[in-house]
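To start, the structure itself, in structure tokens.
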């Protein structure tokens, strides 16, 4: 049984050899070496082996063309299967390497695109000072506005406090005036009560005097009546001198006139005194009533003014409380805005630091990928040059030398029209070696004829 093994790889030598079954020594003649290009570098099949150049005429001994009884060696079949498995594994590895190379090329293109984009946006990405300055200016403007509002609020608060102090002074003055007026009112009330008591006493005295006058008048009239009756009823026998005449009626009239004059004068004096006292008390009462009315009016006015001042004080206090609350709210808002600005600035700095770290990491990754790409490009270029050199070497004409061999295996190989060349395997640094083994169709046909 004969098989052909082809060694394909990224090396400077590639060959295809034909080995007869059961042979232990490699032949020195064959079809010639055939080169198999690496994947992606040529359109020729991996399983094809074209003749190298023009084959010269070969002279063969006819005795060597006698068919032999050949049998298939199981070791060769096992070796062939093993080599096929190795070929599959190596082909899979080669395909995975090609996929990795393509993925790296795509990633390289993606990184180049990203690098170009980042270079295009480099100035916009790293030039954040303008944004910081704008944001800081806006915060300073807000802080300035808050400071102005705080100054205005403090000025208005001072004005309100001055007004409150003024109202407090006025309120204290009004309170002192009210206290004085209340004291005056109490004094006037006391005087009025005293005068009322005196008036009552005088009225009582007047009534007593009037009763006394009436009593005296009644007594006088009764005495006068009694005296008149006595005078009329008493008959006096007086021995008088006829020469002396006494006018008793005149005397009685005179006494009566005196009594009447005394009673009238007493009555007039009592009436005049009572009238004067009453007029005086009435004048004083009217004066006290007027002062009391004026005091009541003043007290009512003071009460109204006090109520107004109290309402104004309450409104001013509420306004002061509102202003204090507004100041506190403004301070809290300013502190919150300042803290928020600090937090945002810290976040921006953290984002900038993170962006710088990401950029540095991407640059390191890009540098690593560029190094990997450069190494792969160098390796691919080397493999490409090696394959081009191998293809150029394979395109040159080769000579075939056939010699007769005494061994049975070589005779069988010459009868079957097959020869082989020593398999050339050259280790390549970093490149996989793929060995392809195929059955010779011609040898299989001869083997079938021999079995028949």
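In case you wondered, yes, glycine gets a Cβ from its N, Cα and C as well.
What you are looking at is a predicted structure, and each value in this text was computed from that prediction instead of being measured.
According to Swiss-Prot, the features are:
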type: REGION; residues: 1-82; note: region 'Head'
type: MOD_RES; residues: 45; note: phosphoserine
type: REGION; residues: 82-118; note: region 'Coil 1A'
type: DOMAIN; residues: 83-394; note: domain 'IF rod'
type: REGION; residues: 119-135; note: region 'Linker 1'
type: REGION; residues: 136-227; note: region 'Coil 1B'
type: REGION; residues: 228-251; note: region 'Linker 12'
type: REGION; residues: 252-390; note: region 'Coil 2'
type: SITE; residues: 334; note: site 'Stutter'
type: REGION; residues: 391-452; note: region 'Tail'
type: REGION; residues: 411-452; note: region 'Disordered'
type: COMPBIAS; residues: 411-421; note: compositional bias 'Polar residues'
type: COMPBIAS; residues: 443-452; note: compositional bias 'Polar residues'
Mean predicted confidence [pLDDT] for the region 'Linker 1' (119-135): 67
Listed in sequence order, residues with CB under 8 A of residue 334 (site 'Stutter') and six or more positions away: 143, 146, 150
For the region 'Coil 1A' (82-118), residues assigned helix / strand / coil by DSSP: 37 helix, 0 strand, 0 coil
The region 'Coil 1B' (136-227), counted residue by residue under DSSP: helix, strand, coil: 92 helix, 0 strand, 0 coil
